[in-house]
Amino acid sequence: MFSAIAKRVFGTRNDRALKRLRKRIEAINAHEPELQKLSDEQLQAKTDAFKARLAQGETLDDLLEEAFAVVREASRRVLGLRHFDVQLLGAMVLHDGNISEMKTGEGKTLVATLAVYLNALTGRGVHVVTVNDYLARRDAEWMGRLYRFLGMEVGVVVPRQPREEKVAAYQADITYGTNNEFGFDYLRDNMAFRKEDKVQRDLYYALVDEVDSILIDEARTPLIISGPAEQAGELYEAMSRLVPRLQAQKPEERPEENPELGPGDYYVDEKARQVYLTEGGHDRAEELLREEGLIGENDSLYDARNINVVHHLNAALRAHTLYERDVHYLIRDNQVVIVDEFTGRAMPGRRWSEGLHQAVEAKEGLPIQAENQTLASITFQNYFRLYDKLAGMTGTADTEAFEFQHIYGLEVLSIPTHRPMVRDDAHDLVYRTADEKYEAIIADIRDCVQRDQPVLVGTTSIEASERLSKALKDAGVEHNVLNAKHNESEAQIIADAGRPGTVTIATNMAGRGTDIVLGGNLDQELAELGEDPDPAEVERRKAEWQDRHDRVVNAGGLHVIGTERHESRRIDNQLRGRSGRQGDPGSSRFYLSLEDSLLRIFASERMSGMLEKLGMQHGEAIESGMVSRVIENAQRKVEAHNFDMRKHLLEFDDVANDQRKVVYEQRNELLEADDVAETVDAIRQDVVEKVISEHIPPGSIDEQWDVPGLERTLKEEFGQELPIQRWLDDEDDLHEETLRERIQGEIEKAYRAKEAEAGASVVRHFEKAVMLQVLDKHWKEHLAAMDYLRQGVGLRGYAQRNPKQEFKKDAFAMFQEMLEGLKRDAVGVLLRVQVRAEEDVEAVEEQRRQEAERMQMRHAAPASAAAGAVAAGSGAAGAAAAEGDSAPTGGAQQQSAGGRGQETVAREGPKVGRNESCPCGSGKKYKHCCGKL
């Protein structure tokens with residue numbers, strides 16, 4: 001109550017922030033009359049004047065008011081669009097490095113020009129980030145006219161672009177591109193073999209369009225550059241044959257207090273997106289695996305040697321039970337194509353990690369593509385935090401304001417609309433069954449069509465959109481479908497969606513970034529007439545459009561129908577936001593049923609009881625604010641759970657990110673250096689010193705020395721045959737310190753002889769090539785080992801250890817081990833390999849170029865069922881498994897924590913029966929403790 005009173009008296013934090021910014025709008029407007037008097041040349045000269053003032057010590061804040069006024073005047077002349085005062089407000093928020101929440105149709109693309117121009121004056125490059133290549137090209141071309149008028153260079157980066165074009169795009173003042181392309185270019189730059197191969201400059205200012213989609217929805221999906229790893233197609237196929245022979249447990253067979261009761265072999269927890277084997281299911285699975293010859297006669301699933309089998313069984317169970325065709329993926333060109341759960345778009349090239357994608361391919365009887373080993377990866381959370389300054393804009397960010405602040409340090413400010421919002425958002429209608437719900441939706445659509453009112457129907461899956469499409473066909477209602485299967489004609493469908501009586505079915509937010517104009521898109525119609533259209537035809541088209549527009553307005557504007565609530569309120573708000581743009585009339589309503597996923601999982605019992613008490617008949621619906629609040633509370637639960645997942649992932653990924661920064665910094669120093677001889681000499685002396693200490697401990701007596709072992713190591717690892725034992729036999733006064741100096745001196749002499757033979761310049765070139773290649777090799781193996789560690793560390797929670805602290809401790813130890821290993825490896829290569837000419841160095845670089853050609857760029861979709869659903873049942877293990885959702889494992893399952901291939905592990909103690917007490921001392925049975933699958 002007190003907070004409500006305080007808000008009324010003092011205003012909200014948002015109100016106070018906007019009030020402070022509004023004072024500057026008057027100053028911006030005051031520049032307008034004088035700027036209108038300037039010629040084009042005088043207006044264009046302002047850019048150089050601003051740059052000169054910056055060079056003299058003024059700040060961007062000092063220039064803001066006049067610079068914004070210049071952009072507004074230039075936009076009026078070039079684009080015929082003048083920025084509203086609320087758009088100036090939004091741009092100031094963007095310049096301050098925050099998030100501007102502006103409703104659909106408020107001109108976010110135009111708002112961006114103000115902040116982008118101001119920050120581009122520094123000459124350090126501004127990146128404008130969009131959600132797809134179409135929008136990047138469109139905005140670069142559309143707004144590029146304005147920037148070029150003001151003397152700014154504009155570039156656009158897209159996939160498969162020639163290197164020269166990409167370099168030019170990044171050298172431009174303003175660069176448009178997608179989040180994926182910017183991220184992949186960053187990773188590729190940090191794998192470059194020559195500094196000339198790098199394309200990006202330092203990361204200065206990023207302005208992210210649809211910031212909620214990129215920084216929230218895709219936060220758990222890392223960008224991965226990978227190479228082919230070991231193929232295990234036969235094992236995936238065998239598991240796919242085995243899973244249908246296991247019987248699913250029905251919900252009524254497993255009471256809440258004892259979920260392992262019942263005859264089934266496994267049960268599916270839809271809320272947690274997990275699959276668990278029952279006690280009988282373990283025995284049945286072992287029996288089937290023995291039949292297939294996948295485990296030994298006396299083996300169990302618990303044996304360490306079978307961890308790979310468990311991994312594949314887990315993937316197959318998830319593929320068969322949690323992932324449905326035409327809901328979670330499509331089959332296109334004999335390949336599994338993932339469908340984005342947030343936008344409903346197909347995502348070619350993206351693959352689930354942890355073997356899930358291969359398991360789905362096996363389930364569908366498709367060719368199984370090789371698993372990939374991660375060469376480099378980064379999450380969007382960590383990539384965008386590399387920029388000195390980050391800002392974003394969207395129509396729906398307020399519900400995630402805490403996460404933006406907590407993770408990225410970005411404030412969300414809601415900008416008022418230019419015209420008042422008049423859309424009518426009706427209460428949800430809740431039906432008992434999906435059939436009743438669809439009957440009501442079709443009746444509503446028929447009513448709208450009869451009144452010439454356009455309808456946009458939002459569905460949560462391709463399956464739902466096609467079910468509704470079939471029902472409309474049967475009812476004789478013409479309509480357009482916009483989903484991942486029909487995205488080629490997306491722009492045309494969206495352009496026509498505002499015409500009188502048009503019905504458009506779209507999955508979630510397909511078509512986001514394109515406005516639905518009431519009456520249809522007039523600009524597109526006029527553009528189709530060509531460069532020199534007949535004026536009479538233009539007038540006729542305008543008159544037709546005006547007539548259509550008026551009919552739609554009189555019918556009530558665009559009517560939005562939601563067929564199901566999404567897990568996130570923000571996605572629902574985006575769907576509603578398609579209607580009522582810029583003060584247009586409009587309406588929206590969600591139709592729900594107790595069979596919908598969200599209600600079935602989170603709110604069904606309470607809601608079902610409520611409807612039963614009301615004695616509802618077939619076709620009756622309940623409509624009340626109380627029902628809407630129950631649904632909103634369910635959504636809040638899911639949002640909180642998803643936020644915890646993203647936060648959990650970030651805490652783990654921050655460890656890898658700190659290591660990534662160190663490795664990339666060292667790599668860039670190597671790349672930039674013309675001569676790394678000093679570094680190589682220091683590393684060689686350090687490595688040789690440690691090798692000597694392994695066999696001759698410092699301060700030890702002669703009897704403790706392992707001279708034969710030292711001679712063998714120097715010969716096998718470093719190619720140096722030194723008669724150390726003979727030296728000791730021949731020279732009585734050769735003690736430890738002088739022996740160390742002599743070994744170092746002999747190795748130094750051998751290296752200098754090699755240098756003299758090949759030439760100093762050739763050896764310098766070779767040193768750099770070897771250092772880069774060895775660093776990349778060890779970093780790749782370290783990434784695989786880190787993923788392996790991340791998947792298993794949750795199990796330590798059973799031993800009352802904190803998995804996060806354990807991960808940090810082990811990851812640090814592994815990183816130290818990697819650094820020592822790469823130094824030793826590099827010294828070994830440099831001492832062993834004979835380099836006689838520049839061609840030998842070129843051969844190393846050519847090998848590297850061939851490896852680069854085999855690399856694959858992919859945006860790893862999170863495997864919604866957590867990693868190790870079979871291997872980690874609940875508690876800390878389950879939490880870690882959930883964290884491992886999107887871990888880019890690739891070939892990690894073939895790697896041990898040290899990066900070596902899998903080995904058969906001998907059991908150290910006696911075999912523990914499943915019903916015996918757990919050896920950890922917890923007092924629980926083994927199957928309920930450390931042996932829990």
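Using the three backbone atoms N, Cα and C, a Cβ is placed for every residue, glycine included.
In sequence order, D515, R581, Q582, D584 are the residues near G105 (ATP binding site), counting only same-chain partners six or more apart with C-beta under 8 A. DSSP classifies G105 (ATP binding site) as coil under the three-state reduction. Marked as ATP binding site by Swiss-Prot on the basis of sequence analysis: Q87, G105, E106, G107, K108, T109, D515.
Among the features that Swiss-Prot reports, region 'Disordered' is placed at 567-588 (among others). Within its own chain, the region 'Disordered' (567-588) has Cβ neighbours under 8 Å at 103-106, 212, 216, 342, 395-397, 399-400, 417-426, 456, 458, 508-509, 512, 515-516, 518, 553, 556-561, 598, 632, 635-636, 638-639, 642, counting only residues six or more beyond its boundaries.
The region 'Disordered' annotation in Swiss-Prot covers 840-861 (among others).
The compositional bias 'Basic and acidic residues' annotation in Swiss-Prot covers 845-856 (among others).
Taken from Swiss-Prot, the feature region 'Disordered' applies to 880-933 (among others).
The compositional bias 'Low complexity' annotation in Swiss-Prot covers 880-897.
What Swiss-Prot lists as compositional bias 'Basic and acidic residues' is 905-914 (among others).
Summarising the annotation, Swiss-Prot assigns Zn(2+) binding site to C918, C920, C929, C930 and lists sequence analysis as the type of evidence.
Among the features that Swiss-Prot reports, compositional bias 'Basic residues' is placed at 924-933.
Surrounding the centroid of the Cβ atoms of Q87, G105, E106, G107, K108, T109, D515, where the record places ATP, the chain contributes additional residues within 8 Å, namely M102, T104, L110, V111. Neighbour density around each Cβ, counted as other Cβ atoms within 10 Å, peaks among the binding-site residues Q87, T109 at Q87. Residues Q87, G105, E106, G107, K108, T109, D515, recorded as contacting ATP, have a largest CA-CA distance of 17 Å. Residue counts for the region 'Disordered' (567-588) by DSSP state, with H, G and I taken as helix and E and B as strand, are 11 helix, 3 strand, 8 coil. Neighbour density for D515 (ATP binding site): within 10 A of its CB lie 17 other CB atoms from the protein chains shown. The Cβ of G107 (ATP binding site) has L81, H83, F84, Q87 as same-chain neighbours under 8 Å, each 6 or more residues away in sequence.
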